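To start, the structure under review is shown below, and the notes come after it.
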């Protein structure tokens with residue numbers, strides 16, 4: 001990772017590179033827990049966020065990560081920028097480059113846009129989510145959270161539940177989990193499971209209760225209403241009955257402990273109920289905190305930081 005200029009996806013990272021990011025995220029999290037959440041590591045650097053899709057968590061997380069490292073930040077509001085006047089993506093990138101931006105986090109509705117930008121700029125590019133392709137920093141924060149809570153990833157049984165077909169979060173998690181030695185099962189309606197996904201090395205299960213009995217960790221994906229409108233689901237109520245993580249389904253496990261993750265935002269009453277979302281086993285808010293730490297680690301490494309993680 002130290003030698004990489006960009007973070008475009010977990011598919012291209014080695015196990016060692018992933019572990020380097022997770023290791024450096026630990027001291028970054030310590031910084032976040034302090035009263036004074038600031039170190040001078042990236043003073044003089046400029047980090048921009050360019051999001052062509054709505055985002056609260058990811059965008060704010062990148063901006064806070066940069067500020068905690070003392071970088072200057074620039075947030076491009078696409079809805080009120082020159083993009084609305086017809087400015088091309090390349091011209092937008094060249095403008096930011098000319099302004100002195102060194103690192104840019106990009107989210108786009110089309111897969112491959114961060115890669116395209118990386119081939120046409122001197123800036124370091126971070127993929128903040130591209131189409132159905134990847135969302136690497138979300139997967140990294142999920143991995144970090146699992147390791148923080150269970151002290152390991154190798155040998156764990158991790159289930160990803162929900163709309164696998166449209167989920168960049170699922171894809172990045174699959175790459176990362178498999179590289180770190182976890183077993184992975186995907187579970188959801190057959191209409192939302194990609195054909196031949198088993199070729200990646202994952203198991204496919206359509207019965208949620210069997211999946212919960214198998215798993216040590218479950219990552220519950222958000223279900224979007226537009227999937228129902230497009231015919232992938234009959235009703236959200238039916239989805240909740242079959243695949244929603246509920247108190248009733250957990251009680252059938254007879255006290256078995258499950259670590260429960262969710263990338264947010266939660267659709268309470270659809271993919272997860274209030275009882276589960278607010279239970280001690282759910283670590284959604286810790287994921288948010290860890291997301292800032294992981295993104296600090298990524299910014300630090302892309303800016304040329306060493307693997308010791310010594311930032312003070």
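Residue numbering: from 1, along the chain as shown.
In case you wondered, yes, glycine gets a Cβ from its N, Cα and C as well.
Marked as carbamoyl phosphate binding site by Swiss-Prot: 57, 58, 107, 135, 138, 264, 265. For residue 135 (carbamoyl phosphate binding site), the count of additional Cβ atoms within 10 Å of its Cβ stands at 26 [all protein chains shown].
Listed in sequence order, 129, 130, 131, 132, 133, 134, 135, 138 are the same-chain residues at least 6 apart in sequence whose CB falls under 8 Å from the CB of residue 168 (L-aspartate binding site). The L-aspartate binding site annotation in Swiss-Prot covers 85, 168, 222.
Here the binding-site residues are 58, 138, and the one whose Cβ sees the fewest other Cβ atoms within 10 Å is 58. Spatially close to residue 265 (carbamoyl phosphate binding site) yet at least six residues away along the chain are 56, 57, 222, judged by Cβ distances under 8 angstroms.
For the binding-site residues 57, 107, 222, the largest tally of other C-beta atoms within 10 A is found at 107.
Note on residue 264 (carbamoyl phosphate binding site): other Cβ atoms within 10 Å of its Cβ, all shown chains, come to 16. Report note: the carbamoyl phosphate site is defined by 57, 58, 107, 135, 138, 264, 265, and the residues of the same chain whose CB lies within 8 Å of the CB centroid of those residues, excluding them, are 55, 61, 129, 169, 263, 291. Overall, the recorded carbamoyl phosphate-binding residues 57, 58, 107, 135, 138, 264, 265 cover a maximum inter-Cα distance of 17 Å.
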